[in-house]
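Just below is one structure, and these are the notes that go with it.
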């Protein structure tokens, strides 16, 4: 830690306080995440340190790079590249009645997918994607932050400040208690973020797990074994769930053209095995008119 100076506290992440800092010799500005773990007394589990060390190898233009892992007084500090703005703050800053430019929505979605495909190809899941951990710079680049932390530290039910961790972007298989899940959980989250890029509003903003599920069911219909084999045997599936009929996504998501709605519907397919993959999503016709500069990144 002696290599870094803390400049100021910039926020509270899922796992602890985040500081803006500076490397004393290079002058590089960094984000310093102090990780608070549930079992403080025992120090940091070696499994977590192993997991985190692997993340230093995830180098991609759309991934916030982990530059250093430091221990101080049995506290773990993760040193990341610094970006000053997250997607939630940016969406909140757009004036009422105005929306993000449709070409920027497309560019951001493409970049998010590029980042996720890179990580998925290295068998790393995110599991907790949301606008707060998508960081943007002033050059139109968006980067995914906090990759792999869920596996290293688990996802707490509450942030250490007792704020509830958001469920809005969580996939139905996770909400229904599936013990086995994989890369499609991230695609679902990206689908809900895609809708929010277009509308500025969260697509499904539940305030509890059951409310979250019911909001999804009201929009997309209550799933059963016909549309999603085995769903009825998932741990938290109840035969007493109200049976909603599928509605139309277009009524929930204005501002997306036909191709955009088609891609969104493929990202929000109930059956994880049928949900579009990141790689397939990048080749969807929605991106046909995207600037080649972005495709080359």
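One-based numbering along the chain as shown.
Cβ atoms are placed via backbone N, Cα and C, with glycine included.
Positions annotated as N-acetylmethionine by Swiss-Prot, on the basis of a large-scale study or a structure entry: 1. Reduced to three states, the DSSP call for residue 1 (N-acetylmethionine) is coil. Applying an 8 A CB threshold to same-chain residues 6+ apart, the list for residue 1 (N-acetylmethionine) reads 70, 72, 77.
Residues or ranges marked as domain 'Protein kinase' in Swiss-Prot (evidence: sequence analysis): 4-287.
Around the Cβ of residue 6 (N6-acetyllysine), 13 further Cβ atoms fall within 10 Å across all displayed protein chains. Here Swiss-Prot flags 6 (among others) as N6-acetyllysine, drawing on a large-scale study or a structure entry.
Reduced to three states, the DSSP call for residue 9 (N6-acetyllysine) is strand. Non-local neighbourhood of residue 9 (N6-acetyllysine): 17, 18, 19, 20, each in the same chain, at least six residues away, with C-beta under 8 Å from its C-beta. Positions annotated as N6-acetyllysine by Swiss-Prot: 9 (among others).
Residues or ranges marked as ATP binding site by Swiss-Prot on the basis of sequence analysis: 10, 11, 12, 13, 14, 15, 16, 17, 18, 33. Other Cβ atoms within 10 Å of the Cβ of residue 18 (ATP binding site) number 18 in total over all chains.
Within 10 Å of the C-beta atom of residue 128 (active site, proton acceptor) sit 20 other C-beta atoms, taking all shown protein chains into account. Following the DSSP three-state reduction, the secondary structure of residue 128 (active site, proton acceptor) is coil. The active site, proton acceptor annotation in Swiss-Prot covers 128, and the record cites sequence analysis as its basis.
Around residue 245 (N6-succinyllysine), the same-chain residues six or more apart in sequence whose CB sits under 8 Å from its CB are 221, listed in sequence order. Taken from Swiss-Prot, the feature N6-succinyllysine covers 245, and the record attributes it to similarity to another entry.
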- Measure the Cβ-based neighbour count of residue 12 (ATP binding site), defined as the other Cβ atoms within 10 Å of its Cβ. 13
- Note on the structure: So residue 10 (ATP binding site), by the Cβ count within 10 Å over all chains shown, scores 15
